[in-house]
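So Swiss-Prot says this about it:
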- 9-105: domain 'ASCH' (DOMAIN)
- Lys23: active site, proton acceptor (ACT_SITE)
- Thr26: active site, nucleophile (ACT_SITE)
- Glu76: active site, proton donor (ACT_SITE)
Amino acid sequence: MSSHPTKITFFEFLTPLITAGKKTITIRDESESHYVPNTEVEVFTLETDRKVCDIKILSVAPLKFDDINEFHAEQEAIELPKLKELIREIYPNINELYVIEYELIK
């Protein structure tokens, strides 16, 4: 039986977008790409490790930085320039990323 991640962290300022169902993807690097579709994951704040909600992983797919577009920005509930800036701050020299799609468990 293979283990899979059961916890994911987000910056605190993003968590209201998740609980409102507006943010439905996250873009991560390879080290955080091991989530498994159809599994439930607990969401915590990065800063304070406070549990926020539960999500169900829908898909995990490779994504190059240059391919991040308006569609991803909509799913992230953030403007495209700000999204790309945030990704670059977190992953300064990484172009091989992963998009993790999820849904809020109510």
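Backbone N, Cα and C atoms are what each Cβ position is placed from, and that goes for glycine too.
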Per DSSP, to which secondary structure element type does the residue listed as 'active site, proton acceptor' belong, with helix, strand and coil as the options?
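In three-state terms, the residue listed as 'active site, proton acceptor' counts as coil.
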Tally of helix, strand and coil residues over the domain 'ASCH' (9-105) according to DSSP?
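Tallied per class, the domain 'ASCH' (9-105) gives 32 helix, 35 strand, 30 coil.
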If one looks at the chain holding the residue listed as 'active site, nucleophile', which residues at least 6 apart in sequence have a CB under 8 angstroms from its CB?
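Counting only residues 6 or more apart in sequence, the Cβ neighbours of the residue listed as 'active site, nucleophile' under 8 Å are Ile8, Phe10, Glu76, Val99, Ile100, Tyr102.
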Would you mind listing, in sequence order, the residues at least six apart from Lys23 (active site, proton acceptor) in the same chain with a Cβ closer than 8 Å to its Cβ?
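Same-chain residues close to Lys23 (active site, proton acceptor) (Cβ under 8 Å, separated by 6 or more) are Leu14, Leu17, Gln75, Glu76, Ala77, Ile78.
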Using a 10 Å radius around its CB, how many other CB atoms surround the residue listed as 'active site, proton donor'?
23
Taking every residue in the domain 'ASCH' (9-105), what is their average pLDDT?
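On average, pLDDT over the domain 'ASCH' (9-105) sits at 97.
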